[in-house]
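Per Swiss-Prot, these features apply:
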- 10-200: domain 'Glutamine amidotransferase type-1' (DOMAIN)
- Cys87: active site, nucleophile (ACT_SITE)
- His174: active site (ACT_SITE)
- Glu176: active site (ACT_SITE)
- 201-390: domain 'GMPS ATP-PPase' (DOMAIN)
- Ser228, Gly229, Gly230, Val231, Asp232, Ser233, Ser234: ATP binding site (BINDING)
Amino acid sequence: MIILKKQHDTIIVLDFGSQYNQLIARRIREFGVYSELHPHTITAEEIKAMNPKGIIFSGGPNSVYGEGALHCDEKIFELGLPIFGICYGMQLMTQQFGGKVERANHREYGKAVLKVENESKLYANLPEEQVVWMSHGDLVTGLPEGFVVDATSESCPIAGMSNEAKNLYGVQFHPEVRHSEHGNDLIKNFVFGVCGCSEGWNMENFIEVELEKIRETVGDKKVLCALSGGVDSSVVAVLIHKAIGDQLTCIFVDHGLLRKGEAEGVMKTFSEGFHMNVIKVDARDRFMDKLKGVEDPEQKRKIIGNEFIYVFDDEASKLQGMDFLAQGTLYTDIVESGTATAQTIKSHHNVGGLPEDMQFKLIEPLNTLFKDEVRVLGSELGIPDEIVWRQPFPGPGLGIRVLGEITEEKLEIVRESDAILREEIIKAGLDREIWQYFTALPGMRSVGVMGDERTYDYTVGIRAVTSIDGMTADWARIPWDVLEKISVRIVNEVKHVNRIVYDVTSKPPATIEWE
């Protein structure tokens, strides 16, 4: 995003494989400063061209002295930019400047008490003792020349170090993790106190810049957008429509695997509310015919993905003069793939590969944003809360929440039970606290008694998790009285259900979805 980089101070984060690397960039953006995550292989020249105010080295699972250790372009240290090494990043800096890194006697994982020994700029106005989050198997045992010890812990004599003359800093713990009680303040001290950044990254500025960028890119040509009703595609559609109006056409495919009222809600919001040109395709019978008798989850995903492509292709071929395809690719998608997205699309991010003869120029206005930023953007654009805060929903829809073969009866059970769950969670005021919640049909039946009669009906599973980004998740502690209301309502209001179970498994070992 070239325009933004020129207008805003930027902090570059180099990725050395930490599970927390995205959190670092997100924390910095929360401060109102733009930040990007880049592979550790980026060159010093490439960084110089971005004109950042500072660099952060992330943590990682490797040992700096081990086979396959990840390194960076040594010329990065010659750029004269402030550098902040976190965990592996500190060890890499130590090795680079002639210090010593060794394996610890035991791996340290969890909370530790940090004692500040030297109040460098990194620890300005922070308490002398604070709880931090450790996750490492190696230690810095010898400081490089010119460095001093900033902080220690019981198991880590050099938990923080600095060479303030060269603006080089390192910590053995993870300030980006919320368990580090003053971690945000420490990162702020680096961003503002050391690098001298100014706030300026916000959604209002983003919208202004992105609207102009879309207009310049598209000109008088036309754009096609696959609208699912999910957060990402909804925000993309509204943003582009705000920029170019009727030059945008959306295709909404109703595959019959949507949640209760979802298809009607999409049309009402976008066709009537935003006055957008939306083509609705009723393809329920087409999808159900293809899924008949299929039980394997991967095969179901493949069939749904492929059929979506064929339906989209059929509709797109009826439209003339479509030059661009709008896609809701997020920054996390680019980071996790490790490569930038190609300029000409042959595969759609959300639905699988489009036919090879369908060539579009790609527009990805969200590809510098994280999910939480997309929600903020959606609110700024005036999209209703029920869409902006909509639960994450998989592309195959309810097709992977019905375990085994999909039938209309099973879909109806999941659709109705899920609607009750959502209604009660919202009533209880828990909808913003729980990251994701839904019902699933595991395909098992059990004996029950209803109205003095024996029943042999389906079991419905409830899944609710708390998470920051979906990479890890914990099962949500929904109050018992709320669970009871949900259970009673589902059993009484949804036909062919006589038992409710609650999934109390975290991710890992389980995934959030059941299929």
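Every residue gets a Cβ built from N, Cα and C, even glycine.
Overlay of Swiss-Prot feature records on the structure.
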{"residue": "Cys87", "record": "active site, nucleophile", "Cβ contacts under 8 Å, 6 or more apart": "Ser18, Ser58, Gly59, Gly60, Ser135, His136, Val171, Gln172, Phe173, His174"}
{"residue": "Glu176", "record": "active site", "Cβ contacts under 8 Å, 6 or more apart": "Tyr20, Leu23, Ile24, Arg27, Ile86, Gly183, Ile187"}
{"residue": "Gly229", "record": "ATP binding site", "Cβ contacts under 8 Å, 6 or more apart": "Phe252, Leu258, Glu262, Ala263, Gly265, Val266, Thr269, Ile387, Arg390"}
{"residue": "Gly230", "record": "ATP binding site", "Cβ contacts under 8 Å, 6 or more apart": "Gly328, Arg390, Pro392, Phe393"}
{"residue": "Val231", "record": "ATP binding site", "Cβ contacts under 8 Å, 6 or more apart": "Lys371, Val374, Arg375, Gly378, Ile387, Val388, Arg390"}
{"residue": "Ser234", "record": "ATP binding site", "Cβ contacts under 8 Å, 6 or more apart": "Leu227, Ser228, Thr269, Phe270, Gly378, Ile383, Ile387, Val388"}
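Note: the ATP site is recorded as Ser228, Gly229, Gly230, Val231, Asp232, Ser233, Ser234; in the same chain, Leu227, Val235, Val236, Gly328, Ile387, Arg390 also have Cβ atoms within 8 Å of that site's Cβ centroid. Looking at the domain 'Glutamine amidotransferase type-1' (10-200) alone, the prediction's average pLDDT is 91. Just so you know, the Cβ of Asp232 (ATP binding site) picks up 21 other Cβ atoms within 10 Å once every protein chain is counted. In this structure, the binding-site residues under consideration are Ser228, Ser233, and the one with the smallest number of other Cβ atoms within 10 Å of its Cβ is Ser233.
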